[in-house]
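Taken straight from Swiss-Prot:
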type	residues	note
DISULFID	Cys26-Cys115	disulfide bond
DISULFID	Cys28-Cys44	disulfide bond
DISULFID	Cys43-Cys95	disulfide bond
DISULFID	Cys49-Cys121	disulfide bond
DISULFID	Cys50-Cys88	disulfide bond
DISULFID	Cys57-Cys81	disulfide bond
DISULFID	Cys75-Cys86	disulfide bond
SITE	Lys105	site 'Important residue of the cationic membrane-docking site (MDoS)'
REGION	105-117	region 'Important for membrane-damaging activities in eukaryotes and bacteria'
SITE	Arg108	site 'Important residue of the cationic membrane-docking site (MDoS)'
SITE	Leu111	site 'Hydrophobic membrane-disruption site (MDiS)'
SITE	Lys112	site 'Cationic membrane-docking site (MDoS)'
SITE	Phe114	site 'Hydrophobic membrane-disruption site (MDiS)'
SITE	Lys117	site 'Cationic membrane-docking site (MDoS)'
Amino acid sequence: SLFELGKMILQETGKNSVKSYGVYGCNCGVGGRGKPKDATDRCCYVHKCCYKKLTGCDPKKDRYSYSWKDKTIVCGENNPCLKELCECDKAVAICLRENLGTYNKKYRYHLKPFCKKADPC
């Protein structure tokens with residue numbers, strides 16, 4: 001769910017997911033999808049593509065369990081869809097951390113209508 005995703009992003013990046021990524025670029029947060037503005041935005045594009053592959057669970061609402069061991073996210077689920085959902089969220093949180101250097105405040109409140117059409121997933 002969005003709750004676990006936000007928690008993972010905070011653990012990996014030290015940033016509040018809603019304030020920092022809620023409307024960042026063309027792909028982060030709610031709304032459309034478009035050509036990524038930078039590496040940070042590309043993390044969110046890949047994340048949305050990951051969600052599109054899920055079948056049998058709702059990425060925004062369904063809760064899953066994970067643990068934080070030695071500064072590492074460990075997904076733990078018996079349900080295959082929830083495990084994949086956790087892995088999607090883990091991947092974006094790590095990607096955002098790895099690309100903190102590309103985070104550009106000018107894209108923090110980027111208007112989605114100005115986004116160019118993205119390539120399909």
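Just so you know, glycine gets a Cβ as well, placed from its N, Cα and C.
A map of Swiss-Prot features onto the structure.
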{"residue": "Cys26", "record": "disulfide bond", "DSSP class": "coil"}
{"residue": "Cys49", "record": "disulfide bond", "DSSP class": "helix"}
{"residue": "Cys57", "record": "disulfide bond", "DSSP class": "coil"}
{"residue": "Cys75", "record": "disulfide bond", "DSSP class": "strand"}
{"residue": "Cys81", "record": "disulfide bond", "DSSP class": "helix"}
{"residue": "Arg108", "record": "site 'Important residue of the cationic membrane-docking site (MDoS)'", "DSSP class": "coil"}
{"residue": "Phe114", "record": "site 'Hydrophobic membrane-disruption site (MDiS)'", "DSSP class": "helix"}
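Cβ neighbour counts within 10 Å, taken over all protein chains shown, single out Cys43 as the most crowded of the disulfide-bonded residues Cys43, Cys121. Checking each of the disulfide-bonded residues Cys28, Cys57, Cys81 against Arg108 (site 'Important residue of the cationic membrane-docking site (MDoS)') by C-alpha distance, the shortest gap belongs to Cys28. Beyond its flanks by at least six residues, the region 'Important for membrane-damaging activities in eukaryotes and bacteria' (105-117) meets 20, 23-26, 31-35, 37-38, 40-41 of its own chain at Cβ-Cβ distances under 8 Å. The Cβ of Leu111 has fewer other Cβ atoms within 10 Å than any other of the recorded positions Cys44, Cys50, Cys75, Leu111, Cys115. Put simply, Cys57 (disulfide bond) is 24 Å from Cys26 (disulfide bond) when counted between their Cα atoms.
In sequence order, Cys50 are the recorded positions from Cys50, Cys86, Phe114 with a C-alpha within 10 Å of the C-alpha of Cys121 (disulfide bond). The two recorded residues Leu111 (site 'Hydrophobic membrane-disruption site (MDiS)') and Cys28 (disulfide bond) have their Cα atoms spaced 11 Å from each other. Put simply, Cys88 (disulfide bond) is 11 Å from Cys43 (disulfide bond) when counted between their Cα atoms. Distance between Cα atoms for Cys75 (disulfide bond) and Cys115 (disulfide bond): 33 Å, as a whole number.
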